[in-house]
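Input: a single structure, listed below in structure tokens.
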Amino acid sequence: MSIKEQSLMTPYLQFDRSQWAALRDSVPMTLTEDEIAQLKGINEDLSLEEVAEIYLPLSRLLNFYISSNLRRQAVLEQFLGTNGQRIPYIISIAGSVAVGKSTTARVLQALLSRWPEHRRVELITTDGFLHPNQVLKERGLMKKKGFPESYDMHRLVKFVSDLKSGVPNVTAPVYSHLIYDVIPEGDKTVAQPDILILEGLNVLQSGMDYPHDPHHVFVSDFVDFSIYVDAPEELLQTWYINRFLKFREGAFTDPDSYFHNYAKLSKEEAVNTAASLWKEINWLNLKQNILPTRERASLIMTKSANHAVEQVRLRK
């Protein structure tokens, strides 16, 4: 179905892979195969073809949006008679555990930083804004990591609010997947980037998702463009289990790893453990808190096998 023939009853324009790839226009490939190999996640096949057909058109679209935003800022400055500072453009990336949000974020960071209009692109994950393990243990929330109540939302909202307010240096806490905790005194300083990519489970959530912690503004209020990375639930579970098995042979073997004991599991035990963790924690969080936010996104990327994007929906 062509773009013109699509229903007016949906807020999204829908593109199959070939339709979306055609929108690349003449945007050059700026990444080498070696650079792409460094960007992909532990359990993903990221190819030059995927970058060319999916991410280059997306970077072109984002460059249009960012340029439009800069013109809007210039109009406001002209109206006010001021010469204000440049305010970061914020892109959020949401989706399930194991869907490949981090890879999407890293690829976009690499591509967007090569556009001459916006060289400084920072990437922050919301994992750093989880409450420390000590707090989660005190509140009985260790098995609820990633659920709304496990985040220090006041700190996260203040972080993005300060960035949008033009604060010169803003700090973000850093999370370690090795120790499964926020790194004490490990804050990262973000100094007025042109673009901030904010990646996490909760970046599309709003105040209604936090009835236990009411506040009037939320992360999504400060986001300029939002992306939801989607995939069928059966694929998500498979990817989660496969990732767990690779961690079992890799990161979990480190004696300092919080999950070091999992390295001693047999393959069958590891598969069963991962399946249980998926069902009891990650699937539950997906159904209750993440998937309901999908239609709030500016753009939805739907993946099929091998993490290949097969469909893109763009909000009109």
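A Cβ is built for glycine as well, from the same backbone N, Cα and C atoms used for every other residue.
All protein chains included, VAL99 (ATP binding site) registers 27 other Cβ atoms within 10 Å of its own Cβ. Mapped onto three states, the DSSP output places VAL99 (ATP binding site) in coil. Under the heading ATP binding site, Swiss-Prot lists GLY95, SER96, VAL97, ALA98, VAL99, GLY100, LYS101, SER102, citing sequence analysis as support.
The binding-site residues considered are SER96, SER102; of these, SER102 has the fewest other C-beta atoms within 10 angstroms of its C-beta. Sitting within 8 Å of the Cβ centre of GLY95, SER96, VAL97, ALA98, VAL99, GLY100, LYS101, SER102, and not among those site residues for ATP, are the Cβ atoms of VAL229, LEU236. Neighbour counts of Cβ atoms within 10 Å were compared for the binding-site residues GLY95, GLY100, and the top value is held by GLY95.
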